[in-house]
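According to Swiss-Prot, the protein carries these features:
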- 3: N-acetylproline (MOD_RES)
- 14: N6,N6,N6-trimethyllysine (MOD_RES)
- 123, 173, 177, 295, 327, 379: substrate binding site (BINDING)
- 201, 203, 204: Mg(2+) binding site (BINDING)
- 201: N6-carboxylysine (MOD_RES)
């Protein structure tokens, strides 16, 4: 390079490292309707000011890098950079802050959850200047959400397909989750559906193992569905898990499910990946299949309070990527989930417009502009004594899944299904008559036991079962 060239290249450019806050901390910034807004829980290293930590998050998740580069002059950083526009201390925590960051819409590819997360929760989470970092919430602008298809069908279309209204849907995960032959698996599916359940379900790790290949399972489950439908006069379904090692194999399994006339397939959206999930959701809408989503691996990402990503963000991402059901905790069962926090992201899944409400962990007002809703699924350690609470907490637009709470019945699978259906119908009737499920729940169940021996037997088995542990992830109050 000639001396003349060196001189020209250096005009207006000063090499070196400068504080992030000089460029990316902009407390006077007024957010735009088109910005993606993020709330990060930031735990800086000792000696790192909160403004510098928040600015570093904004920089490293958008246009910034660790040093000044001369190619900054070839673009408009002011147009494309992320901006930390507000910082607040976390109640009850020392040296921990909520940093609010605004991202210009042009930073993200349309219709791609994969690209959105690659930027916002990418390398910045390994940044040395931070002891820990957690994404608490996102505000998705309507101009971005409209680039997504969303759920294949949504709540109302699903109810119309199933012809079931005015109550939660009932499901059951077939147990043991691994080890059954396809024929015995299909038998369990039939018994549960025949007993009164709406759905049965593959467990998340049932794919295509040596003891039960996927095609055999699909065939026996389809036979079980048709037999149960013929005997009950109700539409039934089984969540056929299409999750596979490649997108091509996943779609092949979904195609076979459709050819069998199955109403619904299933996907593990975190282990399978957002690209695969969106592809499957598009196929399901085009071909009339409902899509059940399991959140296997979510607790690796969302359970720790100081680092990772809250499930409300994963729930929003799923609604954009596509799914008609998603597991959302139970509040009362064996899995993590504080009541107000759970109800917050349940609303984010189902409702069209959700107001900011920090008492439920909702940092931003979210407008889904008529994107179809997702049914929350309560599953994990629940049984008939939980039915009043589940009906009261989740309401009609939900799926209540009793795996062990069905197949663990002392009389067998079908009586277990009968017990759950009777308990649900009793709770719905009592609620419709104006009774208080929270206060009178146990009495309602005992009354139903008088005319349902199956329910009475279930109540006796599970009368002492409780999961009383404090949740790890709690609201900042």
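The backbone N, Cα and C atoms fix where each Cβ goes, glycine too.
Structure coloured by features recorded in Swiss-Prot.
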{"residue": "123", "record": "substrate binding site", "DSSP class": "helix"}
{"residue": "173", "record": "substrate binding site", "DSSP class": "strand"}
{"residue": "201", "record": "Mg(2+) binding site", "DSSP class": "strand"}
{"residue": "295", "record": "substrate binding site", "DSSP class": "coil"}
{"residue": "327", "record": "substrate binding site", "DSSP class": "strand"}
{"residue": "379", "record": "substrate binding site", "DSSP class": "strand"}
Q: Give the sequence-ordered set of same-chain residues, not counting 201, 203, 204, with Cβ within 8 Å of the centre of the Cβ atoms defining the Mg(2+) site.
A: 173, 174, 177, 202, 205, 206, 239, 241, 266, 294
Q: Just give me the nearest neighbour of residue 201 (Mg(2+) binding site) among the binding-site residues 123, 177, 295, 327, Cα to Cα.
A: 177
Q: Out of 201, 327, give me whichever of these binding-site residues has the highest number of other Cβ atoms within 10 Å.
A: 201
Q | Least surrounded among the binding-site residues, given as 203, 204, when other CB atoms within 10 Å are counted | A | 203
Q) For residue 177 (substrate binding site) and residue 203 (Mg(2+) binding site), what Cα-Cα distance in Å is obtained after rounding to a whole number? A) 6
Q: Just jot down the residues in the same chain as residue 123 (substrate binding site), at least 6 apart in sequence, with C-beta under 8 A of its C-beta; none if empty.
A: 60
Q | Between residue 295 (substrate binding site) and residue 204 (Mg(2+) binding site), the C-alpha gap once rounded to whole angstrom | A | 8
(Q) Measuring Cα to Cα, how many Å separate residue 203 (Mg(2+) binding site) from residue 173 (substrate binding site)? (A) 6
Q) Which whole-number value in Å describes the distance between the Cα atoms of residue 379 (substrate binding site) and residue 204 (Mg(2+) binding site)? A) 12
